[in-house]
Amino acid sequence: MNNQIEGHPLNSLRSINLKNREFEGQSRSKLNLIKSAKKASRFAYAPYSKFKVGSALLTKSGKIFLGCNVENRSYGLTVCAERIAIFKAVSEGEKDFRAIAIYTPTKDFTLPCGACLQVLAEFANDLTVILANRYGKTKNYQLSELLPYRF
């Protein structure tokens, strides 16, 4: 299994082997979440890396919050798409999450960074993480698989 991320600066660090899981829920919900994440990626501000990411966070109440990565000339101030969606949801009173879709217009799938996984874990014991690529392919994981030893 190739976990390299096309165009991503951390290609050499990706070497995990995970099982693809089914999304527990309606396939229509999954498709809507992926479409929403893809839409959000178009708003990404990525003038430095050109690596645009979109996310769509589904809450237990059924609301969807979008996020896109926002880069900064001072790289440490860059915020990932996943955290933007989470912060938007929390700022509107939503703290129970069911799933998050992450879309990148790349050949390979892009896993959330450790910071995003930890922030997700702050609000969800477990949720489905859906990865989507430019070819319409998806992979589904549980948060506990991606972050088995949360802080």
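Easy rule for this one: first residue shown is 1, then count along the chain.
Quick reminder: no glycine exception, Cβ is built from N, Cα and C everywhere.
Taken from TrEMBL as is:
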ACT_SITE  Glu82  active site, proton donor
BINDING   Asn69, Val70, Glu71, Asn72, Arg73, Ser74, Tyr75  substrate binding site
BINDING   Cys80, Cys113, Cys116  Zn(2+) binding site
DOMAIN    28-151  domain 'CMP/dCMP-type deaminase'
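The substrate site is set by Asn69, Val70, Glu71, Asn72, Arg73, Ser74, Tyr75; from the centre of their CB atoms, other residues of the chain with a CB within 8 Å are Tyr45, Tyr48, Leu77, Thr78, Val79.
Note: the Zn(2+) site is recorded as Cys80, Cys113, Cys116; in the same chain, Ala81, Glu82, Arg83, Pro112, Gly114, Ala115, Leu117, Val119 also have Cβ atoms within 8 Å of that site's Cβ centroid. Secondary structure at Cys113 (Zn(2+) binding site), as computed by DSSP, is coil.
Cys113 (Zn(2+) binding site) has Glu82 nearby among the recorded positions Val70, Ser74, Tyr75, Glu82, counting only those with a Cα within 10 angstroms of its own Cα. Put simply, Cys80 is the one of the recorded positions Cys80, Glu82, Cys116 whose Cα lies nearest to the Cα of Arg73 (substrate binding site).
Note on proximity: of the recorded positions Val70, Glu71, Ser74, Tyr75, Glu82, the one nearest Cys116 (Zn(2+) binding site) is Glu82, by Cα distance. Secondary structure at Ser74 (substrate binding site), taken from DSSP and collapsed to helix, strand or coil, is coil.
Secondary structure counts, DSSP: the domain 'CMP/dCMP-type deaminase' (28-151) has 42 helix, 31 strand, 51 coil.
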